[in-house]
Amino acid sequence: RPFHVEPTNIVSVNDDMQRVTDEASAMNKRIHYYSRLTSPADRALIAPDHVLPAPDEIYVYSPLGTAFKVDSCTDGYGKNSSIVTIFMIWNTMMGTSILSIPWGIKQAGFTSGIILILLMGILTLYCCYRVVKSRKMIPLIDTSNWEFPDVCKYYFGSFGQWSSLLFSMVSLVGAMVVYWVLMSNFLFNTGKFIYNFVHDINVTDIVPGTNGSNKVICPSAASGHPPQNRSVMFSSSNNTGFELFEKWWNKSQTVPFYLIAVLLPLLNLKSPSFFAKFNVLGTFSVVYLVFLVTVKAAHLGIHLEYNWFTENEFFVPEFRILFPQLTGILTLAFFIHNCVITLLQNNRNQENNVRDLSVAYFLVGLTYLYVGVIIFASFPSPPLSKECIEQNFLDNFPSNDIMSFVARIFLLFQMMTVYPLLGYLARVQLLRQFFGNAYPSIFHVLVLNVAIVGAGVAMARFYPNIGGIIRYSGATCGLAFVFVYPSLIYVISLHRAGQLTWPALIIHIFIILLGLANLIAQFLL
């Protein structure tokens, strides 16, 4: 339709054309990125030929145990506001590690635990900066669609490609093993709660604990070792039925095998995109855990006593030699380095990436610090010792505790929806590298999934210690993605540009040595 062209109209038309161009560019980048996650035959993350992806649909899969979809962007042109970007990073990083933070603080000592959370947050944030900048330091090559493993391949060749795949698989499989252990735990306690409630069983718990309506228990004190394979005893009028239930509903001997019937078929699905719709459960779970911790602390009060280097019956020293166990957990708790570029490339204002990443890390650290400190400080000592804090702090609340029951239900359902997504990502990364196809055949997929599920069942059966699993896998994958690769790439890029200085070299060698020491210490303590 003809119209009189004023200067303001020209500016408006140019702005509209620029927006359309930006929108198309953003959509093409997403199509290209997601298409690289699958083979051409697997359309799970590839847009159909006749449909362009809506610019406000962004899927993010993370090997940390979180997978989510951001359903809306603020500007409608494929870009996120800073608030959405910060929330995406926070939501991705908040994984199962939060359940082990109080135990890690107990292992390190209260004061040193707080200091380590702050220091590890700052260190991993700095290394995350190096990851974000690494792609931009490559000259004369279009790296707009690269992720950090692509950068590793550029600098280190096939070794960088395969080693990044190896460490990525360690983080993925480690997260899936932790999930299996936790799902077994939550399913066991949920089933026990329902059975007791339906049969009106009077609970007589032999596990030491506090009295009153807000009971806290110490399972490890009853067995002399962590309580993962122990069921509490009950009194019931129908002892035969209860004994039969105890036989077939055992935390380590039966329940981990029951999960196979539900989860193994889900892992074999070609596309698990349906489960991404439940990503909001992850946010609800974390918010509910914070609420639970706050309510419990309000009822239990604060129980602290400062003993700087000596132990007593109820309290631990402020500084303990076991502190590397917390640093191993924190390495995975703050681990986002292999997918942070994807999360930030859709930020509307790229100049705010450093600020938004810093704010997200601050919020993550604050959440970990709040949950860990509150649980440790409110743990009732006396009558119980701080040593009773379990690797999963929900184990310190009996199965008939209503609030803990709700938390376990939330977490169980959330993990059962995220687990197939993690399995899908593991399948895509591994099978595509070896066979050029993410779904070469049902036989290949089944063999891989049986191996992953078998690892989870074996750990739930023989080593159901989520704190140990998290710290081992965190220190291992963190050595590559957090400490070594970002530092080496930065040093190499400075050297090639003729800008490398001795202070920069010494600082980044020290960071690499810290990562190596962190890994070695996990096997010595």
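Including glycine, each Cβ sits where the backbone N, Cα and C put it.
Taken verbatim from TrEMBL:
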- 81-192: domain 'Amino acid transporter transmembrane' (DOMAIN)
- 251-521: domain 'Amino acid transporter transmembrane' (DOMAIN)
- 83-103: transmembrane segment (TRANSMEM)
- 109-129: transmembrane segment (TRANSMEM)
- 162-182: transmembrane segment (TRANSMEM)
- 253-269: transmembrane segment (TRANSMEM)
- 281-302: transmembrane segment (TRANSMEM)
- 322-344: transmembrane segment (TRANSMEM)
- 356-377: transmembrane segment (TRANSMEM)
- 405-426: transmembrane segment (TRANSMEM)
- 438-463: transmembrane segment (TRANSMEM)
- 469-492: transmembrane segment (TRANSMEM)
- 504-524: transmembrane segment (TRANSMEM)
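Each residue in the domain 'Amino acid transporter transmembrane' (81-192) gets a DSSP state, and the totals come to 97 helix, 0 strand, 15 coil. Within its own chain, the transmembrane segment (405-426) is flanked in space by residues 37, 44, 61, 63, 65-67, 169, 172-173, 175-176, 179-180, 182-183, 185-187, 189-190, 193, 262-263, 266-267, 269, 271-272, 275-276, 278-279, 281-282, 284-285, 288-289, 292, 394, 399, 448-449, 452, which lie at least six positions past its ends and keep a Cβ under 8 Å from the stretch. Between the transmembrane segment (281-302) and the transmembrane segment (504-524), fewer than three CB pairs separated by 6 or more residues in sequence fall under 8 Å, so the two stretches do not touch.
Under the criterion of 3 or more C-beta pairs below 8 Å, with sequence separation of 6 or more, the transmembrane segment (322-344) and the transmembrane segment (253-269) do not qualify as touching, having fewer than 3 such pairs. Within the same chain, residues 96-97, 100, 104, 124, 127-128, 130-131, 133-134, 137, 148, 151-152, 155, 160, 163-164, 167-168, 170-171, 173-175, 177-178, 181, 325, 327-335, 337-338, 459, 463, 500, 504-505, 508-509, 511-512, 514-516, 518-519, 521-522 sit at least 6 positions outside the transmembrane segment (469-492) and bring their C-beta atoms closer than 8 Å to a C-beta of that stretch. The transmembrane segment (253-269) makes contact with the transmembrane segment (438-463): 3 or more of their CB pairs lie within 8 A, with pairs spaced 6 or more apart in sequence. Relative to the transmembrane segment (109-129), the listed stretch 356-377 leads the set 162-182, 356-377, 438-463, 504-524 in CB pairs under 8 A. Counting Cβ pairs under 8 Å to the transmembrane segment (83-103), the top-ranked stretch among 162-182, 356-377, 438-463, 504-524 is 356-377.
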